[in-house]
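Here TrEMBL flags 158-267 as domain 'CAAX prenyl protease 2/Lysostaphin resistance protein A-like'. If you look up TrEMBL, you'll see 12-32, 69-89, 109-132, 230-249, 288-306 marked as transmembrane segment.
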Amino acid sequence: MYGNTKPFLSITSAHLLSGLFAFIYVGSIYAFKNARLRFSKRKVNLPEGQARLKLQNERWRDDPDVIKARLLAVTSATLICCLIVFVVMKNSNRDDEFHNLTTDAWLHLGFTWSNALALLITPLLFSGPLYVQFLEKTLPFQKDWNFEDDVLFRFFSIVGLRNYFVAPITEEIVFRACVLTVYHLADASRTKMIFLSPLVFGAAHIHHAFETYHRYGRTATAAKRALISTTIQFTYTSIFGFYCCYLFLRSGSLLPPIAAHMFCNIMGIPQPNYEISLMPHRKLSISAAYLFGIIGFVFMLKPWSYTDGSLYWQRN
C-alpha cells in the first residue's frame, strides 16, 4: 500500500470505523423523522404466528412515505461513509495529489469493472429455483411472464426500488466497500476480512426486531418471535456477507456483490421441498437441478470470481 509496509490504521481503528459505518447507515433511518416507524403501544393477544392489522396513524416500513424517506436517508448515509473513507485515506497519505488520491479511493471502494463470469456465480447457484420457474413458465418471455406485472410493477414500484436497487447498492457500498477498505488499510488478513467484517452487516439488521415485536402484538410471544427471527436474520445475512466479501476481494469490484445481492433479493430463499410438493412428478429433475447448482457453485466460485489485477487479491 503506497510503498509503505506500516499499516495506515490499526485493527482497532478499523473495528471502530466499521462500527461507525453501521451506526451511520442504520442510524440515518432514525435520524430522519419521516423515516421512523410508529406503532401503537397497545398489547394485542394474537394466535401464534399471526401479525396484527395496521392501525390508523401508525407508520410501517412498507408505507410509501416511509420508504421514500428511508431511501433518502440511506443514500445520504452511504455518501457520508464514502466521504469518511476518502478523509481517512487522505490523512493516511498526505503527500498524494488530490487526483491520485481520488482515483485510489475509488479503486479501494471497488468502483471498477470485474470479470463478467463473476456475475454468473449466483445465478448458477440458483439453478434449481430457476429450473422451477422454467417449469412454471414464469421466466422472462415465457407464457406466464408479464412485462407489466413482473418488470414495471415489481421493480419500479417504490417497494421494488427499495428491495432491488437502493438497498442492495447502498448496503454493498457501505458494508463491503467502505468496511473492507478500512480493514485493508489496517493490513487485516483476508480471513478476517471475509469472516469478521460481515458480522457488522448482520448486526445492522438487528433493529428489525423492534418492528417484529410491535407487529405481532407487543406480548411475550411477540418478543420471542422477534428474538428468533432476528437471530435467524443475523445468521443468514452474516453468511451472505461472507460470500459477498469473498466476491469483492477476489474481483476487486463492487459489481459482483451488488449483482449477487440484487439477484438473491429477487429470487428469495429457495424452497425445494415446497416446489417438489407442487410438482411431485418432477421431483427427480428438480432435485438434479438443485444439485447441479450447488456442485457448479462449489467448483466455479474460485475461478469465476477472480478478476485479473484485483487490488485485494494479488496473485504471486
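Each residue, glycine too, has its Cβ placed from N, Cα and C.
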Taking a Cβ cut-off under 8 Å, which residues six or more beyond the ends of the transmembrane segment (69-89) line up next to it in the same chain? 8-9, 17, 20-21, 24-25, 27-29, 31-35, 61, 101-102, 104-105, 108-109, 161-162, 166-167, 170, 173-174, 177-178, 181-182, 185
Across the domain 'CAAX prenyl protease 2/Lysostaphin resistance protein A-like' (158-267), what does the mean pLDDT come to, as a whole number? 95
Near the transmembrane segment (109-132) in space but 6 or more residues beyond its ends, with Cβ under 8 Å, are 82, 85, 139, 173, 176-178, 181, 247-248, 250-256, 259-260, 263-264, 267, 270, 272, 275, 279, 285-286, 289-294, 296-297, 300-301, 303-308
DSSP assigns the residues of the domain 'CAAX prenyl protease 2/Lysostaphin resistance protein A-like' (158-267) as 93 helix, 0 strand, 17 coil
